[in-house]
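Written out below as structure tokens is the structure these notes cover.
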Amino acid sequence: MTILRNIFLILLTLILTNCSVNRNPVPKEYAQKANIKDYETVRAHGYGKNQFFQKDLEQSLVKYLSSQDSNPKIDILALSGGGSDGAFSAGIVNGWSQSGKRPEFYLVTGISTGALVAPFAFLGEKYDQRLKEAFTTISAKDVFEINITDAILGNSSSLASTVPLKKLIEKYLTEEVLMDIIKAHNQGRRLYVGTTNLDNQRVNIWNIGEIAIQPDKEKSLALIRKILLASASIPVAFPPVKFDVKVDHKDYDELHVDGGMMTEVFLYGFSVDFSEALNKINYHDEIDKSLYIIRNSKIHKDYVPVDQSFLSIGTKALFTLTTSQGVGDLFRIYYLSMKDGFKYNFTYIPYSYNPISQEPFDNLEMNQLYELGYKMGKSQDYWKHSPANITF
């Protein structure tokens with residue numbers, strides 16, 4: 001058990017008891033109406049199919065499919081959470097490029113650390129070196145700063161500050177990246193990122209390209225960076241990210257955290273109906289549709305005996321819950337892929353992999369995971385095709 005996890009669990013009760021944040025939360029009856037000013041159509045609130053997303057999907061499919069030849073393809077990539085283990089998916093994506101078989105993705109989705117990989121996976125090989133650098137040259141100090149005193153005194157909503165992570169996102173998510181996202185979006189391609197709205201306990205799906213194309217580019221870039229920070233903000237360990245929203249010209253706020261609190265990986269089922277969109281645009285030609293899921297974790301966790309203590313049991317219970325949730329996500333997406341006619345492919349960190357460190361964002365460990373992913377991505381012989389083959 002790492003030092004960070006020990007501190008985290010010891011202070012959990014103190015933080016939750018003492019800390020308070022000045023809030024102006026959205027009233028319950030307005031929860032589905034709240035939006036960020038000038039960005040009213042860029043997110044789905046998690047209350048089922050979203051009319052703006054559905055219409056946007058239809059329009060994007062018309063544009064994307066019309067640009068293809070007589071053998072149209074749709075490839076989707078879904079990137080899971082996993083903290084510093086996100087180096088694995090960065091390696092997979094870059095190794096995939098080296099294999100010469102990496103497709104242009106119609107849709108890329110990301111949660112938590114997957115949200116940080118997603119923009120570069122979406123934009124293609126041009127950003128492979130930047131993606132590698134982002135996950136192999138950093139360490140814990142580049143992601144968070146521990147602030148135990150403020151947490152104990154109730155002056156903070158978390159154990160650590162994510163100011164370093166915010167700076168890291170600003171470094172890599174540049175104006176150039178924004179302009180390339182706009183270009184891809186205008187070609188009919190889509191990039192989605194998920195956060196968890198703590199107030200309504202639902203996943204919010206953000207249409208990153210739709211944000212990027214809005215007139216105020218500086219404001220759009222700031223909002224996208226904020227969304228990526230929120231998606232990677234593990235609650236209690238990291239502070240929630242506050243979004244200022246409006247309902248009927250009145251100001252409120254929402255608190256968003258790691259999208260992995262609700263789902264470890266997602267496709268599009270929260271907000272749109274893919275088959276319905278194809279029928280709506282009267283597209284009936286045969287489409288070669290493939291889905292790829294990269295899970296930044298092992299399917300089976302290593303055997304570690306549990307001490308009969310609060311810390312050991314609490315930590316193991318938390319990680320057991322998230323592991324089980326992640327497996328459930330694979331089955332849920334498998335159902336969607338069968339319904340909509342996608343070839344299903346997923347991969348994960350092999351059970352045989354031996355980490356050299358359990359500390360979060362250990363640089364040597366992240367480099368080792370990146371190299372593992374790179375070799376797997378380059379070989380292209382690692383895809384599984386049904387979660388039914390998972391044994392427990």
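In case you wondered, yes, glycine gets a Cβ from its N, Cα and C as well.
Heads up, TrEMBL stuff is auto-annotated, nobody curated it.
Sequence annotations record features per position, and here TrEMBL assigns signal peptide to 1-23.
Positions annotated as domain 'PNPLA' by TrEMBL: 77-272.
Mapped onto DSSP classes, the motif 'GXGXXG' (81-86) shows 4 helix, 0 strand, 2 coil. Positions annotated as motif 'GXGXXG' by TrEMBL: 81-86.
Tertiary proximity for the motif 'GXSXG' (110-114) is limited to same-chain residues at least six positions away from its ends with a CB under 8 Å from its CB atoms, namely 78-86, 89, 121, 192-194, 231-232, 234, 258-260, 263-266, 294, 296. According to TrEMBL, the motif 'GXSXG' annotation covers 110-114.
What TrEMBL lists as active site, nucleophile is S112. A coil conformation is recorded for S112 (active site, nucleophile) in the three-state DSSP classification, outside any helix or strand. With a 10 A radius on its CB, S112 (active site, nucleophile) counts 32 other CB atoms from all the protein chains.
The Cβ neighbour count for D258 (active site, proton acceptor), using a 10 Å radius and every protein chain shown, is 25. When secondary structure is read from DSSP and collapsed to three states, D258 (active site, proton acceptor) falls in the strand class. The active site, proton acceptor annotation in TrEMBL covers D258.
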Worksheet item: Over the domain 'PNPLA' (77-272), what does the predicted model average in pLDDT?
Response: 93
Worksheet item: Whole-number Å distance between the CA of S112 (active site, nucleophile) and the CA of D258 (active site, proton acceptor)?
Response: 6
Fill in: Tertiary contacts of the motif 'GXGXXG' (81-86) (same chain, 6+ residues out, Cβ under 8 Å)
111-114, 116-117, 135, 143, 234, 258-260, 264-265, 295-297, 349, 360-362, 365-366, 369
